[in-house]
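Asker: TrEMBL lists these features:
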{"type": "DOMAIN", "residues": "32-204", "note": "domain 'FAD-binding PCMH-type'"}
{"type": "ACT_SITE", "residues": "180", "note": "active site"}
{"type": "ACT_SITE", "residues": "250", "note": "active site, proton donor"}
{"type": "ACT_SITE", "residues": "345", "note": "active site"}
Ligand SMILES: Cc1cc2nc3c(=O)[nH]c(=O)nc-3n(C[C@H](O)[C@H](O)[C@H](O)COP(=O)(O)OP(=O)(O)OC[C@H]3O[C@@H](n4cnc5c(N)ncnc54)[C@H](O)[C@@H]3O)c2cc1C
């Protein structure tokens, strides 16, 4: 007798086992806001991810991918399917010359990737130590710290197209990287999901110490380990760990202004903290907020972190209402004082404009 192999049934059963309904996202975002996902699944393999996308397409459900939830502002229940990316694995390949190619699955913890690279004596991402979240989300806002952005070392990203299920590589230079931005936050949002990143690291010493006072803090001749340790120490001193105090890091981007606006601002505020950037100037948003009197302010169950005014923290709220209110007050007061509009850094979920694609 011939055995009947019904792949459709097997697919349905696997999907039924992996998707849950109405799941709280409180432990999947570092603000710890307690909104829920209509449908929820954790993807540990590319095949599982592919099947989840097929299910979402068949059932006309929107898909939202979350990594570590450290750059999210969830402000309502999320309709459709929320997928937590836990794809794992790291592979390294020596290239001729000074280069080493490191391929990292999207669900790997970014800081652990940095730590591993430092252990292997691979140079290039040590300044990006202790940034929370996953390797796959790192290109989404082109993470940056201490003069380095991921675009500087990103050879290419592997993506899956949510409509077709195709998996392919996109060169880093085609991802539209700018300051805290990329096509993954814009035209590719919720269409292309990152499944892997390929970093191009160096085997010989190349350290960047000119930002954030790194060189002054290192005793003796700097090396890979001492730079990594210093970055970790400085960050631990001024940023709250989300494990201790709920937050999403910098809540606002540093605003970019023209030369003329900068000159005018400098006349009124001689101590203005700013850096030349792309023909204009980048202003330190933390300084603007601090000088507008917000540092350390508590508002309902949220507040502005006492050591760094750029970071908004959640002490006790289960929803985002107070935080959105505080954000609006800060933006208004900074605009009134400096004529500068602050832009939010974390991604808000869900967006009013989100429709089933
Ligand atoms: C204490 C603290 C310090 C921080 N410091 C820095 C810093 O110095 N520099 C910096 O740049 N950022 C910083 N951040 C912000 C944050 O850590 C980074 O943006 C990080 O890359 C987010 O990763 P995540 O996995 O948590 O992403 P999530 O918060 O889960 O997702 C962020 C966005 O990316 C999308 N996304 C997630 N995974 C994928 C994927 N695989 N494919 C496509 N889209 C995806 C999500 O849908 C969402 O829109 C900090 C955050 C905190 C809490």
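A Cβ is built for glycine as well, from the same backbone N, Cα and C atoms used for every other residue.
Automated prediction, rather than curation, is the source of TrEMBL annotations.
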Asker: At the Cα level, what's the spacing in Å between the residue listed as 'active site, proton donor' and residue 345 (active site), rounded?
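Answerer: Each residue's Cα considered, the residue listed as 'active site, proton donor' and residue 345 (active site) end up 7 Å apart.
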Asker: What does DSSP say about residue 345 (active site): helix, strand or coil?
Answerer: coil
Asker: Using Cβ-Cβ distances, find the residues under 8 Å from residue 180 (active site) that belong to the same chain and are at least 6 apart in sequence, listing them in sequence order.
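Answerer: Sequence-distant Cβ neighbours: 141, 142, 144, 253, 345.
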Asker: By the DSSP assignment reduced to helix, strand and coil, which category contains residue 180 (active site)?
Answerer: coil
